[in-house]
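Chemist: First the structure, which I've put down as structure tokens, then a few questions once you've had a look.
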Amino acid sequence: MSLLREAERCLVNRKAFASLNAFVTPLDRVGSWIERVKDADARRKRGAPKSSLDGKLIAIKDNICTRDVRTTCASAILENFTSPFNATVVELLEESGAIVAGKTNLDEFGMGSHSTYSHFGPVKGVRADDLGYVSAGGSSGGSAIAVATEQCYAALGTDTGGSVRLPAAYTGTVGFKPSYGLLSRWGVVAYANSLDTVGIIGANTSTVSEVFGVLNRYDHRDPTSISKATRSRIDEITGSTSKTRSERLRIGVPIEYNILELDPFVRETWRKSIQHLKNQGHTVHPVSLPATKQALSAYYVLAPAEASSNLAKYDGVRYGTRDLDSPDNTGGYLYARSRGSGFGPEVKRRIVLGAFSLSAEAIDNYFIQAQKVRRLVQSDFNKVFRLHNPLLQATLTSHPKALESDGDTAEKVDVLVCPTAPSPPPLLCSLENAAPTEAYTNDVFTVPASLAGLPALSVPVTPGDREQESPLGIQVIGQFGDDQLVLDVGSRLEKMNIQ
């Protein structure tokens with residue numbers, strides 16, 4: 001099939017699934033992109049494509065800046081904002097020949113777990129018979145639905161505490177959060193700087209790997225981008241240990257993830273996924289991550305604290321839509337009404353929560369303690385992986401000792417395998433009267449990897465005896481920089497029939 005025909009098929013699907021509300025700003029049916037796709041077709045026929053993404057439609061989450069399309073963050077305060085520049089990841093996609101397929105819907109400023117907190121209306125998952133629509137997950141729900149319904153080849157999202165992996169788990173797609181700092185954040189509207197990661201959603205791990213290969217570049221404009229020297233060291237460490245680990249991997253199963261609230265179908269899918277890897281010749285080992293129990297609480301202190309600082313600039317003066325001054329505004333705050341009407345309820349909730357945790361009265365008891373928990377979470381992961389964390393000082397002097405981490409390496413594992421979400425996607429109607437904080441628990445399995453900055457992948461798995469059921473997300477977590485191994489293990493789960 002020609003690239004132009006593929007693009008036209010995506011547009012047909014977009015019209016067919018318009019009710020799911022995946023896009024804030026869709027790609028126009030006519031425009032200069034058509035000629036670019038035709039040029040890509042010609043290059044492919046000559047055997048000289050720019051990349052494997054040449055001429056492919058890639059959707060962009062609407063909190064990633066694009067010069068030619070508005071960037072709203074699904075918020076009223078940025079409803080008419082158009083960036084004067086492209087984000088680095090968008091630049092890299094366009095240099096590879098990819099076509100921006102529009103901007104996808106999300107929870108406002110990336111704050112949510114079901115993509116319902118959007119100024120442009122909620123994103124809807126597939127219908128569950130006569131019960132209504134199910135959740136598409138959040139906050140990158142629009143990107144996930146766009147991929148799941150073949151409205152694009154792949155999509156970019158952002159993952160702060162699971163915002164790419166959870167939608168992937170709910171929509172039967174593959175969602176990948178790379179190691180923190182590998183993909184540039186320059187041009188990505190910040191939610192929580194120390195956690196935000198550009199993620200990739202695709203129909204399979206092969207597609208995700210293609211996009212990752214294009215975007216995995218150092219960017220001098222991003223102060224959190226991993227330097228070229230560190231990238232070389234990571235490549236040397238992971239390359240030198242790949243032969244040591246060989247094809248027989250040690251698969252870790254975190255015992256703390258087997259919680260009482262875990263849905264029985266999710267638990268059974270997890271068990272069969274582990275058995276499937278065991279049948280392939282890999283060994284399975286229980287591991288303990290004790291700080292995991294405090295990870296979710298720490299996350300919902302740290303992320304809102306950073307958000308309250310990042311969102312202070314949206315006042316209608318420097319950024320954002322300016323609302324009319326209120327006649328009863330006796331406090332003299334020029335921006336009070338602009339922020340009050342511009343932000344939605346969940347964003348306001350997190351701003352207040354973050355401002356409190358950073359206050360002089362609370363910072364020691366909340367923010368500082370949460371930072372300590374974060375370090376404990378990172379330490380727990382470092383203790384269970386055979387590969388030493390390349391960012392630690394020990395690797396600076398002698399990378400051949402990369403496997404000599406704390407304790408006996410024979411007892412350590414290569415990757416962790418666990419559920420992505422504790423339950424299948426809920427019905428949207430069931431969320432209407434639920435307490436806002438109930439949605440926070442959906443991130444319980446995704447937050448730990450985010451706090452530690454580790455690569456994590458959600459792949460759809462359907463047990464062979466439950467093929468009538470929608471697939472569930474199984475998560476693969478690896479050591480920092482071991483992104484390729486995470487993708488490899490994910491492909492083994494994805495391709496095989498789990499019995």
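Cβ coordinates are placed from backbone N, Cα and C, and glycine is handled just like the others.
Feature annotation from Swiss-Prot assigns active site, charge relay system to LYS61, SER139. Summarising the annotation, Swiss-Prot assigns active site, acyl-ester intermediate to SER163 and lists sequence analysis as the type of evidence.
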Chemist: Could you measure between SER139 (active site, charge relay system) and SER163 (active site, acyl-ester intermediate) for me? Cα positions, answer in whole angstrom.
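Modeler: SER139 (active site, charge relay system) to SER163 (active site, acyl-ester intermediate), Cα-Cα distance: 5 Å.
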Chemist: Quick one: pull the CA-CA distance for the residue listed as 'active site, acyl-ester intermediate' versus LYS61 (active site, charge relay system), whole Å only.
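Modeler: Counting only the Cα atoms, the answer is 11 Å.
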Chemist: CB neighbours of LYS61 (active site, charge relay system) within 10 A?
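Modeler: 32, counting other Cβ atoms within 10 Å of LYS61 (active site, charge relay system).
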Chemist: Report, as a single number, how many Cβ atoms besides its own are within 10 Å of the Cβ of SER139 (active site, charge relay system).
Modeler: 37
Chemist: Once the DSSP letters are reduced so that anything not helix or strand counts as coil, what is LYS61 (active site, charge relay system)?
Modeler: strand
Chemist: DSSP secondary structure for SER163 (active site, acyl-ester intermediate), reduced to helix/strand/coil, please.
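Modeler: Coil, per DSSP.
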Chemist: Return the count of C-beta atoms lying within 10 angstroms of the C-beta of SER163 (active site, acyl-ester intermediate), excluding that atom itself.
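Modeler: A count of 37.
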